[in-house]
Amino acid sequence: MLPRLICINDYEQHAKSVLPKSIYDYYRSGANDEETLADNVAAFSRWKLYPRMLRNVAETDLSTSVLGQRVSMPICVGATAMQRMAHVDGELATVRACQSLGTGMMLSSWATSSIEEVAEAGPEALRWLQLYIYKDREVTKKLVQQAEKTGYKAIFVTVDTPYLGNRLDDVRNRFKLPPQLRMKNFETSTLSFSPEENFGDDSGLAAYVAKAIDPSISWEDIKWLRRLTSLPIVAKGILRGDDAREAVKHGLNGILVSNHGARQLDGVPATIDVLPEIVEAVEGKVEVFLDGGVRKGTDVLKALALGAKAVFVGRPIIWGLAFQGEKGVQDVLEILKEEFQLAMALSGCQNVKVIDKTLMFSSWLKSLLCPDTKSCLRPVAVMGACQQKLPESPLFKLIYIQLPGRMWV
């Protein structure tokens, strides 16, 4: 008899108990000491909601749009590679679940089901393709053309992986695909990450990236990609406002604020903490999305209040797959949807259009510690945009109080 799972953490604990260790470690782990991995989740707790009352929430509407396409809720499925390691149906189960719930799925280029197979399994599903830029540009070009031909609605180009991050669990486990699986979008054994290939004694995926992915990519390659397709293109992996502005300048249609699930560079900020800077930088010219650490409906609400159009979830989908395939993914998405709907209602939001930054409780510390801000707390940095000096006086001692997106002295 299957256990009763009622939250995302339950699904992860179940997955840990049933998946082979090397596979669970691959999905779960982050880079190096996993500081950012923990912070991606913990950071949401540092942001507090500021609910409105008496707003008639007898009915709530969760629907929104992503890049011009309607979705039933601002919770979409992010790109997670090689999903057949978690369940025999892998990406096919995931796209069917997304189709049932009316939300979107971002397919990893490193999927164990092909672009065409996923399109056939979810013909009515909203599908996007996650893309790496390969050393062989023809490989990249072919992936884009396949996505266009089979009805994918956008390209999410990953910009944070010139090399693979130092994932210690994968090194210890000498990670590689199980013998029956391949990356199905590639023809050669090297590009398909075939277990028959010799990728060394460390992380096979790190060796794969070193062989296949181009570390010399620059904004010039983004120009090339922009010329290659008329599909919307989203930069996946942006953490800085200046990079976000550069993406807009180069004609991209969106920003996915992401640190690659904390699997690339350890010690970078949690995505929710840099989201306000990115939203401010793009000035409403493109849509901004977020992934990383979303585990509860309140996380979704906080991300939207800080300016995200939608969030993408990755690991929770894998835990759902490991539990019960398509139904497990449906259940995970339903849990997040129901939690988000409840959080909206308890915050006085009838629909996603009324979710804004006034739902965030951000000024409490300043008023609590020092009502007379002219002589006490003074802002030295707000989203990196404001710089003020302290009065020159020996009476002042520099004290840093770190708030999400703010620093006070």
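Positions of Cβ are set from backbone N, Cα and C atoms, glycine also.
What TrEMBL says about a protein is an automatic prediction, not a curated fact.
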Y26, Y132, H260, R263 bind glyoxylate per TrEMBL; candidate in R96, R167, R172, R226 listed for that same site: R167
CB within-chain contacts under 8 A for A81 (FMN binding site), separation at least 6: S108, W110, A111, M183
Nearest-integer angstrom distance between the alpha carbons (Cα) of R315 (FMN binding site) and Y26 (glyoxylate binding site): 11
Secondary structure of H260 (active site, proton acceptor) (DSSP, helix/strand/coil): helix
Secondary structure at R315 (FMN binding site), reduced by DSSP to three states: helix
Neighbours of H260 (active site, proton acceptor) among the binding-site residues Y26, R167, K236, D291, R295 (Cα to Cα, within 10 Å): K236, D291
Per DSSP, three-state class assigned to Y132 (glyoxylate binding site): coil
By Cα-Cα distance, the member of binding-site residues Y26, Y132, R167, R263 nearest G293 (FMN binding site): R263
